[in-house]
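*Asks:* This is the structure, below, for whatever I ask next.
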Amino acid sequence: MSPTISHKDNSRQRRSGMFGHALDMKSGPLPPGGWDDNHQDSVGGEGDREVLLGDVGPGDFPKAKRSYRAELSSILLLLFLYVLQGIPLGLAGSIPLILQSKNVSYTDQAFFSFVFWPFSLKLLWAPLVDAVYFKNFGRRKSWLVPTQYILGIFMIYLSTQVDRLLGNIDGRTPDVVALTVTFFLFEFLAATQDIAVDGWALTMLSRENVGYASTCNSVGQTAGYFLGNVLFLALESADFCNKYLRFQPQPRGIVTLSDFLFFWGTVFLITTTLVALLKKETREASVVKEETQGITDTYKLLFSIIKMPAVLAFCLLILTSKIGFSAADAVTGLKLVEEGVPKEHLALLAVPMVPLQIILPLLISKYTAGPQPLNIFYKAMPYRLLLGLEYALLVWWTPKVEHQGGFPIYYYIIVLLSYALHQVTLYSMYVSIMAFNAKVSDPLIGGTYMTLLNTVSNLGGNWPSTVALWLVDPLTVKECVGASNQNCRTPEAIELCKKLGGSCVTALDGYYVESIVCVLIGFGWWFFLGPKFKKLQDEGPSSWKCKRTN
């Protein structure tokens, strides 16, 4: 199942998660020690300092260790910026569930899934964000302020168009192409804002308190995603609002997507103006030289890293390692909605998972802290593959327990337990990969190196999900019942079948075909390539060190 609450990993990719379509966590917070203070130097150096307007000047920073209370305003600002970042991510994650309730094809869902790619690809333009800026305005504000203004204006404009795009007017079908382009731009802007905020976080806080940046990231984006996804889906549902929040039933929910977009667009504009006016970036006398030239240097460095035999082997293996999970992760949640499970109920099932998603990385990191973190990845993989079959069984069972348009409480308990077990295996693999990436990254270029490895890891989950969604319809076999000599292979044939008094009945659901094939591919990878993946741990440090030519 795909997640309702999705984090972005501290590479900083998130997620996301990636972000999936209904219940799956693509990633989570870093294990303890995953935040590297030395990354500060790679982003902006200690020459960049930010102070509130009217605070002490750059030369007045105390030498003694600073309490977090002294920087509470900066910590709260970071937290709020990450909450804002989570809003468009959560909204984008809710759209597939809304589309599924409108019976769009899985081919359309596959097309829309490209929306979740920008966070995995932001490494392509991150060097530009780091190096190009207006010195007088501030290195990070040069990107943060215009990006958030564009997001706010975009949201307000979209609030006037979204009902038409979703087909809520005059019974039209959803305009999936326009929705995909729109939310792809949303995700692109959110990813750009993420680059700017991550960089600002490392210099806004003192070196003693920079670790709070990771906490702000994880907590803030989770809260934002919750607001934009879980809370929105609940308040948008007329059934949910009438059942739990109203005394008199109404034909629609408390809020609409149009209302939600307008509200948050206004919040973006107001708060961005306040940040632009009240929060200043100041620099000490030292100036980072040749930053523009650094763009070219960074891209050359990335190419040099990926050409290394050990890194290339890692990339090829990790890009194929998640094929076995693609049907379970990308399609299951949508199938449950198709079978009648209310989308807002699926979203709310993620709420009790939050404590588990916080605790799991802490527990698992104890077993990945040694010299061979990939052993946990290898051991968890077959259990996660088997849970994919359990998910398929759950989808098959769902219509059999539906009663009077609803589902009994024991059904939701079983779904929740299945999701919890899935989270254990998912986090075991995720924390294992993060620990390995941190272990092998060349400390001299740690920020760039680890970001590259984590980007490839996240792409390894994105492309199989898109392919899995795209293949559901071609693999599904439907028969025309009630009209002779007809089939249901094309949309035109389906319409003709209906006109002749027949109906199209699914004889073989492509989801079940995919589930079995994916698990077989997954076990094939685990048996033949898994040992080679583990063997990467035996490579010496020299295999992972990049030889730079200056």
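Keep in mind that glycine also has a Cβ here, set from the backbone N, Cα and C atoms.
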*Asks:* I'm curious whether Val104 and Gln537 share a membrane side according to Swiss-Prot, where sharing means carrying the same topological domain name.
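*Replies:* Same domain label for Val104 and Gln537.
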*Asks:* List, in sequence order, the same-chain residues at least six positions removed whose CB sits under 8 Å from that of Asn103 (N-linked glycosylation site)?
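*Replies:* Counting only residues 6 or more apart in sequence, the Cβ neighbours of Asn103 (N-linked glycosylation site) under 8 Å are Glu338.
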*Asks:* Grab the same-chain neighbours of the transmembrane segment (510-530) for me: Cβ-Cβ under 8 Å, and only residues 6 or more beyond its ends, written as numbers and ranges.
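*Replies:* For the transmembrane segment (510-530), the far contacts come to 106, 317, 320-321, 323-328, 331-332, 335, 378, 381-382, 385-386, 388-389, 391-392, 395-396, 468, 471-477.
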*Asks:* Considering every residue in the topological domain 'Cytoplasmic' (366-375), what is the mean pLDDT value?
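*Replies:* Summarising the topological domain 'Cytoplasmic' (366-375) by its mean pLDDT gives 86.
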*Asks:* Counting only residues 6 or more past its boundaries, what in the same chain has a CB within less than 8 Å of a CB in the topological domain 'Extracellular' (96-113)?
*Replies:* 21-22, 166-167, 173-174, 176-177, 179-180, 183, 233, 257, 330-331, 333-334, 337-338, 343, 346-347, 462, 465-470, 472-473, 510
*Asks:* So which of 75-95, 114-134, 301-321, 376-396, 406-426 is most in touch with the transmembrane segment (257-277), counting Cβ pairs under 8 Å?
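*Replies:* Most Cβ pairs under 8 Å with the transmembrane segment (257-277) come from 75-95.
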